[in-house]
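Accompanying notes for the structure given below.
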Amino acid sequence: SLSKLQLKTGDLDPRLFSRLRHLQKLDLSDNLLDKFPNSLTLPDLRVLNCNNNKLEDVTALKQFPLLEELTYENNVYLTLNDDYKVMFLLQNLRLLNGKDITKLANHVRRVNSRKLTSKVTAHWEKFFRDQLPEKYTAEQVKSIKKKFLKSVQTNVVYGPSSLSEFTRWRVKMIAEEFLAYSLGLELNTDPEPEEKMDENEEESTESPREAAEDMSQVGDFSSYINNVTVTPSKRKRNNSKPGSGNKRSKSQANTEEEAEDVSAEPLHFLQCHSKGNSREDFKTQLWSCVFEPLLDCGARKDPIVSSSRTVATCGGESICLIDCETGTVLKKYKVATEEFFSVAWTTLTMVISDSRKKSHNILAAAGRRGIVKLIHVAADFCYGEIKAHKKPIATVCFSPTRETHLFTASYDKRIALWDIGIPDCDYNFKASQLLVLEALSIPLRIALVPTCPDQYLLAGCESGCFAWNIKLDKEQKSRPFEAIFQFPDEDGGITTSHRVDGLAFLNDDVIVSKSSKPGCIYLWSWSRSFDTKGKGCQRTVSALILAELEWSMTDLSYLTLSTCPAKDYVFCGDEKGSVWMYNLSNYTTAWSSAKGKRSDKRIPPTQILKWPELRVNGEQLTEVLINNVVSDPTFTYLVVLTSVNITAIWKKS
């Protein structure tokens, strides 16, 4: 509480406040503040009281993205327009000046934004689009931008006149975003002051928003020399309302409706895994990301989509926790000598100090050192490690049925099953190894069979696709594989020997895997390929192919795929920075029937999201590989991990 201290704006020292990483409630009432400094940080602030001040502007409050309760009564210069601004800027806000504003805020963010966006787009199409020559200079862009912004703020009106200031403010914002997407995207990596970290500190758990460069900020258009577009051309119209007749080429969409259905827009481009926080790092490879599971009372739950919008990403020496909607890096964890390859979540019921039980999300992370780090995220605490393998760990995953069971797949050609135990209130825990699965080559991707996750595990390896029996009632702790799957190869024959670098279940039965044949992703049936009653070990089994997906002809490896089972989607990035999206809901019913006819033709992608032309210090970023692409369970957000240290976050529009 800092109320009644005659404080002025200059008394709020950002150097002091930015160290209050865990402050949740702040009372600044009855002071003399006329505005908020921009860089107070306070990444965990939930409740703010600034009643009885002299505030003139609320937009600086957007620096507190987790704010849930805000009061600023008796600030005579603030009006209804300011209420609407904070509702738009603060996605988690529930109470404003003591009133529940959830419904109204949803309307402001969604309906109001949609209406204004279509009006802004229509204004451009009608009055300005034809004024811009096909090849234009920086000067022409600057001039038309100025005219358009002035015209659109004067002419686009919506809602009551009492809200005209808010409407003008939003229209300007939407118009600038629209121009950025239509005429190209300039990256803004202007240095911001950063806190220096202790050089000797090997591990740290931090939540610095400043360590991430959010590169989605729109830069100055005047630096454009020629026609720079954010390819694909249809992205220009992404803000237009459905059914506005966007033309699409056949390769990008099967039908107009389907394409409309999946269009997504880029929200943020983050450079948050840089080595030593360097702005020049466009080399760190990003490998793995996974959305945080929802806790029943999780603070980071998004009320609109009732699915977590927090994602953990890893690459280089760090792990980041990102809020997909705001692009805020909520937490960052570093180990200076590590290179992280994989992360996985589990929810453990832990006993808190006063003997109450409570669910907490735990993040496991592993990589080059062969060590699994266990992080209690809400407490910002890495409470333990398991020295799992002597060689690097390629991937980790938790059992969906036993929350303490963790699989680690390593370059030592083994997959181990661990029981990580449950930490007590002092974080003491006991981990034990339960199983070792022997592989013939390095396991790259692992997947538990959804219908029997305690009995079978599949792995895509450097030399093929294998299945193991992992039932724990057997005596044998070290086990050879039970089956190896054979697939068609590019010469028309069949082969068991190929690198399988993509593997995931689309539903209870359909497996998606990629590799033996260039330009192709296979969908095949688990139940019809593998007879669980079959006898004998190390048998060769033919994969019963249901369909092939058309994909890039690249011979590059390790560009992995993922699925969104709830929406029947498959995602896979390529070597040109594009994301291939396949909506398979029209096929899954036929595949599950007893006859299960194979789809004869290769299934083309429903849509390909092209990588936008990003510029860093005026230079275009080229040769972007998409290492991984993952959606949240409801397919609201799509997180794209690249080979150039950029995490791209798209939102389904």
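Yeah, the Cβs are placed from backbone N, Cα and C, and that goes for glycine too.
Predicted automatically and left uncurated, TrEMBL annotations should be read as such.
Taken straight from TrEMBL:
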DOMAIN    2-174  domain 'Leucine-rich repeat and WD repeat-containing protein 1 LRR'
COMPBIAS  189-205  compositional bias 'Acidic residues'
COMPBIAS  219-232  compositional bias 'Polar residues'
DOMAIN    263-652  domain 'Leucine-rich repeat and WD repeat-containing protein 1 WD'
REPEAT    386-420  repeat 'WD'
Across the repeat 'WD' (386-420), what are the DSSP residue counts per state (helix, strand, coil)?
0 helix, 20 strand, 15 coil
By Cβ distance under 8 Å, which residues at least 6 away from the ends of the repeat 'WD' (386-420) in the same chain are close to it?
288, 341-348, 364-372, 374, 429, 431-448, 450, 453-454, 457, 459, 468, 470
Over the repeat 'WD' (386-420), what is the model's mean pLDDT?
96
